[in-house]
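Undergrad: First, the structure itself, so that you have it in front of you.
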Amino acid sequence: MNKNSSNIMALAPKSSNKRETVCIFGTGDFGRALGHKLIQSGYPVVFGSRSPQTSSLIPKGAEVMSHAEAAQKAAIIFIAIQRQHYNFLTSLAEILHGKVLVDVSNNSKINEYPESNAEYLSQLVPGAKVVKAFNTVSAWALQSGTLDASRQVFVCGDDTEAKQLVMDIVRTLGLTPLDQGSLLAAREIENYPLQLFPMWKFPILLSLGLTTFFFFYCLALDVIYPYVYEKKDFSFFIAITIPNKICPILALILLGLVYLPGVLAAIIQLYRGTKYRRFPDWLDKWMLCRKQLGLVALAFASVHVLYTLVIPIRSFVRWRISDRIISQVLNNRTELLNTTNAWISDSYLALGILGFFLFVLLGITSLPSVSNNVNWREFRFVQSKLGYLTLILCTAHTLVYGGKWFLKPSSYKWYLPPVYMFSLIIPCSVLVVKFVLIFPCLDKPLTRIRQGWERNPQYSE
């Protein structure tokens with residue numbers, strides 16, 4: 001009986017749900033939004049301000065006092081003010097001794113100061129326990145609710161207990177704390193909100209560069225060449241024809257670039273005979289942005305589909321069809337159906353539809369809301385096995401469509417190859433190397449290496 005009673009007592013929640021008072025220095029947008037969220041979560045909130053006067057902007061239920069009075073009422077103090085206004089805290093060093101100071105500040109540019117704001121705060125008030133948190137959450141996110149914003153809050157600090165207290169508050173607010181370690185991580189956390197699409201920079205710049213190159217390449221062959229040698233004005237190709245060539249070419253090239261670093265990594269591991277040596281920096285960065293490369297490729301493929309759908313209603317296409325029909329009528333001649341061309345047409349359309357379907361599936365599974373609901377084996381099957389199948393189908397789609405022009409001398413205007421040939425270089429190279437790597441003589445050693453085997457253990461790092 002006593003044993004059961006003790007178990008029940010151990011599992012029973014505490015009778016008191018009262019939360020400790022939280023202090024916020026600063027009555028700006030973020031300070032007020034944070035105070036409102038804390039009050040909603042059951043925390044008594046007191047604001048420390050230079051002008052301790054109640055305002056209609058202050059959340060209902062919160063008190064406004066001077067900094068010294070507010071600091072005495074709470075053990076946890078959020079510093080919601082800019083770094084250049086930190087100096088007044090030195091006069092409160094005695095009051096702030098032993099208290100938890102949560103630095104939520106950000107800078108206007110990356111690495112603006114020699115040290116992070118949190119480290120600077122710990123130097124000004126050495127007796128306090130400084131924790132960096134909430135700087136990656138905006139005032140709008142706190143006001144709109146966690147469903148409309150990022151739920152992750154990076155937290156770092158040298159005092160484990162202080163950091164745990166802050167992480168408990170984060171959870172109470174419905175957010176997810178991510179422990180980033182000691183206060184040395186504060187610099188990286190402060191730089192994080194200032195980065196503008198860090199993983200998207202390379203894919204976007206690469207796409208812009210390739211788009212520019214292929215645009216002028218197609219412009220030269222499809223517009224300038226006919227005008228110079230045939231006196232035909234095809235300048236209207238700039239609107240649909242040329243973009244509808246560039247989009248599938250870029251989609252296929254970027255999709256090939258998603259899987260190229262994987263085969264390069266396999267070759268490097270086979271050559272080294274170990275997986276415990278770092279890849280070159282360029283390969284590491286390349287592999288980190290594969291998801292972004294794939295999504296940009298999907299965007300180009302989607303635009304290609306839209307351009308293709310409007311082809312039948314183009315004035316040029318309707319004129320060409322009408323001209324052919326009239327020509328047959330005037331010549332009293334009917335062109336019979338060429339079943340070979342029909343097969344080629346239907347084949348490349350079918351390959352394109354299947355390839356685009358799998359392409360969209362890859363894009364959907366890369367979304368966090370979807371990838372979080374599948375295990376690693378399922379995710380790897382979709383992104384690897386189905387990914388290579390997508391690459392095969394899209395490459396076959398291009399080969400069937402443009403293959404007939406590769407051997408025609410008339411296709412090599414100014415001795416330049418058809419633009420479709422460029423789109424096949426990287427995908428075909430990836431598929432050929434991948435095909436070679438699946439041979440048992442290479443696949444088995446590679447599998448052993450990735451499981452930890454080393455050819456020369458003394459070179460492991």
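One-based numbering along the chain as shown.
Here the Cβ of each residue, glycine as well, is placed from N, Cα and C on the backbone.
Per TrEMBL, the features are:
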DOMAIN    21-107  domain 'Pyrroline-5-carboxylate reductase catalytic N-terminal'
DOMAIN    249-394  domain 'Ferric oxidoreductase'
TRANSMEM  204-229  transmembrane segment
TRANSMEM  249-271  transmembrane segment
TRANSMEM  292-313  transmembrane segment
TRANSMEM  347-365  transmembrane segment
TRANSMEM  386-407  transmembrane segment
TRANSMEM  419-442  transmembrane segment
Undergrad: Using a Cβ-Cβ cut-off of under 8 Å, list the residues of the same chain that are 6+ residues beyond the ends of the transmembrane segment (249-271) and lie near it.
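TA: Tertiary neighbours of the transmembrane segment (249-271) are 203, 206-207, 210-211, 214, 279, 283, 286-287, 290, 293-294, 296-298, 300-301, 304, 359, 387-388, 390-391, 394-395, 398, 419-420, 422-424, 426-427, 429-430, 433-434, 437, 442, 445-446, 449-450.
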Undergrad: Considering pairs 6 or more residues apart, do the transmembrane segment (347-365) and the transmembrane segment (386-407) have at least three CB pairs under 8 Å?
TA: yes
Undergrad: In the domain 'Pyrroline-5-carboxylate reductase catalytic N-terminal' (21-107), how many residues does DSSP call helix, how many strand, and how many coil?
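TA: DSSP classes over the domain 'Pyrroline-5-carboxylate reductase catalytic N-terminal' (21-107) add up to 32 helix, 19 strand, 36 coil.
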